[in-house]
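**Q** Provided herewith is a single structure, encoded as structure tokens, for subsequent inquiry.
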Amino acid sequence: MRVRDAVGFHPRSTLSEPRREYKQMLECQKYRVHFTYTGRYGSIRMPKNADPFCRNILKGFLNLLTLTPRYQKEYEVLEDGLEGECNTRYVLYEEKKNNIYLFNRVRDLNNCKQKVMLNVGIPFFHLFQQPNCFQRERFVQGTSAFVTKVKRDNKGDLITQVKSEQVLEFPIGGEDATGYMKAHQLLNLREVRPDQGQQQQQQQQQQQQQEEGELEVTSIRYEIPKSLFLPVMENYNRDPVQQAEQLLQDSVHWQMQDKMFSTKAIVLVRLVQRMSYNDLSTLYNKVSRIPVARKNLLISCVHAGNLITVKFIKDKAVSGELAYSDLIWLLPTTFHFANPDITKVEETAKVTAELLSKIPDKTSFLGKATYLAYGTMVNRQCSTSRICHPKLLEPLHNILTEAVRDKEENKMVLGMKAIGNAGQISSQKHIKVLCETAKYPEYIQVVAIQTLAQIGKQDPTKVSGRRHVFVRVGKNFVCVYVYVCVCVYVYVYVYVYV
């Protein structure tokens, strides 16, 4: 395998050869993958201790051999692969003289189910269904084309060659500006080795498993690494604390109009993502007496968005080291950018609950901004897992329960809107209580209807199941304004979005 790339800012500077990690690629050769194959892959087992980089390289080779043969010349199937389950079109050509079949396979990467992707940045929920953002989570063009040569003889079918080409065109900097990426792969069959003795083969497999470690079942889909590559140059050989300290000391002289400002800011965020909790504490103590450097460090912690940085900000807020003026911008943006590891949900819920408890007045500007931002974080966390952990929703349900008990209308509205941002079906029972009775003010009833509709908007598949809720709730109302609101949302969210 040969990879060619270059680094630089085109066309302002000449492109240079980047530092390649050949050793990391060579280490991947020691791992073996065990799988069942019938054109599609059944059970795939890989070493549990293998680096995600190596696992993805192995999956890339397996993806080349994926094939779904049929008895037709042209057909379409929903085929699983690196990107997810995508619509795939097959065209079969036959060379009868040489007993060779050519399978032309084209995957539409814009039309995939269970798409492998990672959402980063700030999610904002719009009033309408993104009328001006048609390319959200989509490519302008995303296609993978494969040509598989299969030779047929008395012994069976043999794949002798696979060519692939992937073209990705994606929006960048506006509707009319696009980025372009193209990749090629070529796999040739060189030799076929005879089967070894069964006993010798078992001994080799046992020896390989001991060397590689425990095997685990996985899928053909791409595994997103925890630390993503950013388009900036980094020096991995230097201590990240030392590099970050130097950048923070220089940040006193940074200017927003400087061409390298954004690059330096991204590098600083990247360095913070690599640090441990103790590293962050050490760095904070060094720059805490420099106001500009201290602020830039806190901003970088917010943008890093992992569990370590969220815990660091929580400890600083709980200990009283952050002023109220810092908390106003720090807490909401922390939740907007936070994207902790979903495998540590309980720890995330504990840290965020302590951070929310720092807010004395829930209906203040700080409280409103923070709880609404926390709702967006919950939605982002729960959208990447099958089940939303109840610990994440507890703070939102608790604030609504307290507001109903104390009859505080402002807090009730805040709780419902934050629950609407979270958009989880398990919160429906807490909202229905406010809809199905006329003892609450009309404004509270309208907000409750809006919250149910907002929950449905986060996942349109849930809207149809909520139709009977709207209809039943609407019959209980005497107020014509609330009934009109119910009718509007029944039409918009059921008949338009479904």
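Every residue gets a Cβ built from N, Cα and C, even glycine.
Automatic prediction, not curation, is the source of TrEMBL annotations.
Straight from TrEMBL, here's the annotation block:
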- 1-463: domain 'Vitellogenin' (DOMAIN)
- CYS86-CYS112: disulfide bond (DISULFID)
- 194-213: region 'Disordered' (REGION)
- 196-210: compositional bias 'Low complexity' (COMPBIAS)
- 476-496: transmembrane segment (TRANSMEM)
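Just tell me what is around each of these and how deep it sits.
**A** Residues belonging to the domain 'Vitellogenin' (1-463) score a mean pLDDT of 80 in the model.
Taking the Cβ of CYS112 (disulfide bond) as reference, residues of its chain lying under 8 Å away and at least six apart in sequence are, in sequence order, GLU83, GLY84, GLU85, CYS86, ASN87. DSSP assigns CYS112 (disulfide bond) to a strand.
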**Q** Taking the Cβ of CYS86 (disulfide bond) as centre, how many other Cβ atoms lie within 10 Å?
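**A** For CYS86 (disulfide bond), the count of other Cβ atoms within 10 Å is 24.
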